[in-house]
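Asker: Features from Swiss-Prot:
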TRANSMEM  1-21  transmembrane segment
TRANSMEM  34-54  transmembrane segment
TRANSMEM  63-85  transmembrane segment
TRANSMEM  89-111  transmembrane segment
TRANSMEM  128-148  transmembrane segment
TRANSMEM  156-176  transmembrane segment
TRANSMEM  211-231  transmembrane segment
Amino acid sequence: PIAGSMVLAAILLKLGGYGIIRMMQILPTTKTDLFLPFIVLALWGAILANLTCLQQTDLKSLIAYSSISHMGLVVAAIIIQTPWGLSGAMALMIAHGFTSSALFCLANTTYERTHTRILILTRGFHNILPMATTWWLVTNLMNIAIPPSMNFTGELLIMSALFNWCPTTIIMLGLSMLITASYSLHMFLSTQMGPTMLNNQTEPMHSREHLLIALHLAPLLMISLKPELVI
């Protein structure tokens with residue numbers, strides 16, 4: 001069920017990060033070298049999840065692995081125990097909660113009309129549902145973390161915190177963000193561009209679907225304009 005996927009990506013996936021934040025408050029702040037293996041594993045896990053996204057043919061699986069890759073950045077930022085890292089992790093968790101939930105909602109909108117989640121079979125929607133294509137574009141750009149979105153604020157703070165802690169981490173962070181942009185654009189082009197594979201008549205998007213996406217993106221845009229609300 002799509003509702004379960006949306007709740008899982010938006011709320012339940014963030015409980016692990018919240019637990020780590022609480023645990024870090026009772027651990028010594030001067031022993032970050034002890035956490036070096038965990039930081040490396042978190043960043044490496046983010047890269048592997050991103051590479052897995054590039055191999056996915058199932059739309060829902062691609063979005064799910066995307067959520068895992070973002071949580072790798074969050075874990076690495078929390079573990080170094082700096083104010084910038086903590087602020088960036090909180091910003092990215094909140095922003096990604098809205099973004100991933102909106103992506104799952106759009107995936108369900110596509111599935112209800114095509115009855116498949118295979119990327120190559122869902123193409124050509126820009127001719128049939130142009131408004132849905134607009135929602136896909138905006139949400140994918142948020143997932144890539146373009147400025148001035150909250151996703152960009154979170155990733156910038158995380159990148160700055162990790163670079164100040166160890167400049168070498170910029171290599172893994174840069175690679176992760178490059179692959180994120182690649183699979184996000186691949187997902188958009190695969191589901192929206194090209195000739196349509198549908199032979200039957202497709203019904204337009206309902207008002208409730210537009211409202212649901214707007215209720216995801218409106219708070220995200222508001223927080224992006226005023227980040228002091230959450231960090």
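Heads up, the Cβ atoms here are built off N, Cα and C, so glycines get one too.
Just so it is clear, the model here is predicted, and its values are computed rather than measured.
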Asker: Is the count of Cβ pairs under 8 Å between the transmembrane segment (128-148) and the transmembrane segment (211-231), pairs 6 or more apart in sequence, 3 or more?
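Answerer: Result for the transmembrane segment (128-148) with the transmembrane segment (211-231) is yes.
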Asker: How about the transmembrane segment (1-21) and the transmembrane segment (63-85): do they have 3 or more C-beta pairs under 8 A, pairs 6 or more apart in sequence?
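Answerer: These two stretches do touch.
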Asker: Among 34-54, 156-176, 211-231, point out the range having the most Cβ pairs under 8 angstroms from the transmembrane segment (89-111).
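Answerer: Highest pair count goes to 211-231.
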Asker: For the transmembrane segment (156-176), name the stretch out of 34-54, 63-85, 211-231 with the most CB-CB pairs under 8 Å.
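Answerer: Between the candidates 34-54, 63-85, 211-231, the best contact partner of the transmembrane segment (156-176) is 63-85.
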